């Protein structure tokens, strides 16, 4: 009897662990669901940050490189209220939301990083080498200080005990990001319980239609 109870307890523990690290789904595979806070939706329909999510085939979020939009892309708009720049690229920041901005949350920049006392940008926006918040290669590529940078930051024992900014996960290989590859087995620090990091995926269809966003 005790053996049976022990096996049952182990099975439940395994199930709970699997649920805790379950991947949040998104994109066309889920009818257009968006990941929260500009987290990328990979070509396979999973939420996360890092090249496997934000690189080739990225459907939405902080994709690297930026998605096309506006008159240069048949009038396509950006998701998650990102700005469409005068040159037809999706992102946040002065280059996208300033002069010539075609659609989205056209606005001015916010300061961050070393130039602002270590301030972090909201919603996983990148902090550029010059200390401005935004999305796009001008912010997330060379010199990116924090946020959804195109290149993974190093961390963990492989980097002398460094921790990731923004409470991102440090994977067992010593790279910063979000998603099962970073926050699952072997995660060294950060938001290792991945399920808690991506609550509240927004239904893109409802948001674009002006209806009430659906939280999951």
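Here the Cβ of each residue, glycine as well, is placed from N, Cα and C on the backbone.
Keep in mind that this is a model prediction, so the values were computed, not measured.
Features as listed in TrEMBL:
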SIGNAL    1-18  signal peptide
DOMAIN    23-65  domain 'Chitin-binding type-1'
DISULFID  26-41  disulfide bond
DISULFID  35-47  disulfide bond
DISULFID  40-54  disulfide bond
DOMAIN    66-108  domain 'Chitin-binding type-1'
DISULFID  69-84  disulfide bond
DISULFID  78-90  disulfide bond
DISULFID  83-97  disulfide bond
DOMAIN    109-151  domain 'Chitin-binding type-1'
DISULFID  112-127  disulfide bond
DISULFID  121-133  disulfide bond
DISULFID  126-140  disulfide bond
DOMAIN    152-194  domain 'Chitin-binding type-1'
DISULFID  155-170  disulfide bond
DISULFID  164-176  disulfide bond
DISULFID  169-183  disulfide bond
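Features as recorded by TrEMBL, highlighted on the structure.
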residue	record	CB count, 10 Å
26	disulfide bond	30
69	disulfide bond	26
83	disulfide bond	29
112	disulfide bond	26
121	disulfide bond	29
127	disulfide bond	30
133	disulfide bond	25
140	disulfide bond	28
170	disulfide bond	29
176	disulfide bond	27
### Query
Within the domain 'Chitin-binding type-1' (66-108), how many residues are helix, strand or coil going by DSSP?
7 helix, 10 strand, 26 coil
### Query
Are there residues of the same chain, six or more positions away from residue 54 (disulfide bond), whose CB falls under 8 angstroms from its CB, and which are they?
40, 42, 61, 62, 63, 64, 148, 150
## Note on the structure
Between the C-alpha atoms of residue 41 (disulfide bond) and residue 133 (disulfide bond), the distance in angstrom, to the nearest integer, is 21
## Note on the structure
Here the disulfide-bonded residues are 35, 69, 133, 155, 169, and the Cα closest to that of residue 90 (disulfide bond) is found at 69
### Task
Rounded to the nearest Å, what's the C-alpha distance separating residue 83 (disulfide bond) and residue 155 (disulfide bond)? Just drop the number here, would you?
32
### Task
Determine how many residues of the domain 'Chitin-binding type-1' (152-194) DSSP places in helix, in strand and in coil.
11 helix, 10 strand, 22 coil
### Query
Where does the mean pLDDT land for the domain 'Chitin-binding type-1' (66-108)?
87
### Task
Work out the three-state DSSP category of residue 47 (disulfide bond).
strand
## Note on the structure
Most isolated by CB count within 10 A, of the disulfide-bonded residues 90, 97, 183, is 97
#### Entry: In three-state DSSP terms, the structure that residue 35 (disulfide bond) belongs to
coil
#### Entry: Residue distribution over DSSP helix, strand and coil in the domain 'Chitin-binding type-1' (109-151)
10 helix, 10 strand, 23 coil
### From 26, 35, 127, 140, the disulfide-bonded residues whose CA lies within 10 Å of that of residue 183 (disulfide bond)
none
